[in-house]
Amino acid sequence: MLQIVGALILLIAGFAILRLLFRALISTASALAGLILLCLFGPALLAGYITERITRLFHIRWLAGVFLTIAGMIISFMWGLDGKHIALEAHTFDSVKFILTTALAGGLLAVPLQIKNIQQNGITPEDISKEINGYYCCFYTAFFLMACSACAPLIALQYDISPSLMWWGGLLYWLAALVTLLWAASQIQALKKLTCAISQTLEEQPVLNSKSWLTSLQNDYSLPDSLTERIWLTLISQRISRGELREFELADGNWLLNNAWYERNMAGFNEQLKENLSFTPDELKTLFRNRLNLSPEANDDFLDRCLDGGDWYPFSEGRRFVSFHHVDELRICASCGLTEVHHAPENHKPDPEWYCSSLCRETETLCQEIYERPYNSFISDATANGLILMKLPETWSTNEKMFASGGQGHGFAAERGNHIVDRVRLKNARILGDNNARNGADRLVSGTEIQTKYCSTAARSVGAAFDGQNGQYRYMGNNGPMQLEVPRDQYAGAVETMRNKIREGKVEER
């Protein structure tokens, strides 16, 4: 039994050693092959690289290529047809093959036309300068490889080396030149086709999933994945900056939507939202269906976070969505944010502050008392204050959530918090929003009127500042549109949303 166990151990150890030896052999062979290739083709590659750098420095890269191609074609015809090569016979493959590669190199000089076609799709030469440099490097390297191929028979004659061996060496150099030229041509063609495909897809497809589309492009074109992604990002960014495309980061990744198509679809949906005062999540989902052709996960996430025609409000019966068209028919507890429908008579002045319960009123009063209490007095009574606050855990928790996240949305807590910050900075600041003047400023800081909107997303924070009926910006001061204050983490999205509104003429200039 012990002998069997010992034999198994030796067998396993032997296999492990053989595996290590095989890996070492493969690594050694790879390194040796790489060294041989470097010795064979490295000088030609280095010469091509140096030539490209020098001609680029003097801005004669294309012109030098033209002269080199003409000279190469003349020499190739002299070798192939007139038999001027000492070691090559005329009208044979060995002498005629150079005509083929030189003609192919001449075709590569059409690169300015290729670049012009690429530019028509939105890519500039600066965007692909690295690829153009590599293209010319391949062009010049191919000529040096052809020169090595032509010199191989001469070396065999001069140094009495086996003609057969040098013939294979010359053929290897010529094949390397041919492959180099074909690879360069395929790369510039793939680049042109890629830019055309991206532009055409953006024109034809109103909705695209970024990740799946990029993966498809990387699989379809023989370009490095990093280059494909860079070209793709460049063209996408251009259209987003021009307002032709919108990007949404949703549950299953980023989605790209044609802006005009999106606006048409959402305009119709926002009109439907005006038909009822509020919608439950299921009612909203049924109404919206999948009008943007998103995946189910992305569609649900869009409804939850990205609708800019209204916002979610916490009613006593649950969370409901209300169009900004009906927002004046609501009243919101200044303490906990609870919302209810309030059909006030026309020209009725709303209450400066409304509380849904005596508990919320007591909480707000207590917070104000603590804020106004002198620091030393607050410290001395900290224990008592703590006991009082402990009596109101549920309401306090709700308030704290609203303070921290912006709550459902009009910035009652944000007005006061930012007001305190401005006062600490020695700015002349006061709160105006408590008088609830229609379309009035919330705060006045050093003579600047500021409207505060703290909703759950940037689109909703900005959307809450626009009229639900005509879509125009509601808050106009004596000096033009009032400044809009949103949460810090929504700033980038709010700027993009406001830029779109301005582009659509929704903000009046004075």
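For all residues, glycine too, the Cβ spot is worked out from N, Cα and C.
If you check Swiss-Prot, you'll see ARG53 and GLN158 are listed on opposite sides of the membrane. Remote same-chain partners of the transmembrane segment (62-82), defined as residues 6 or more beyond its termini with a Cβ less than 8 Å from a stretch Cβ, comprise 51, 55, 88, 90-91, 95-96, 98-99, 102-103, 105-106, 108-109, 111-112, 136, 139-140, 143, 146, 150. Through the fold, the topological domain 'Cytoplasmic' (116-136) approaches residues 52, 55-56, 61, 65, 108, 184, 187-188, 191-192, 195-196, 198-199, 227, 230-231, 234-235, 238 of its own chain, all at least 6 residues removed from its boundaries and within a Cβ separation under 8 Å. Contact between the transmembrane segment (95-115) and the transmembrane segment (2-22) is not supported, since fewer than 3 Cβ pairs fall under 8 Å when only residues 6 or more apart in sequence are counted. Taking residue pairs at least 6 apart in sequence, the transmembrane segment (2-22) and the transmembrane segment (31-51) share fewer than three C-beta contacts under 8 angstroms.
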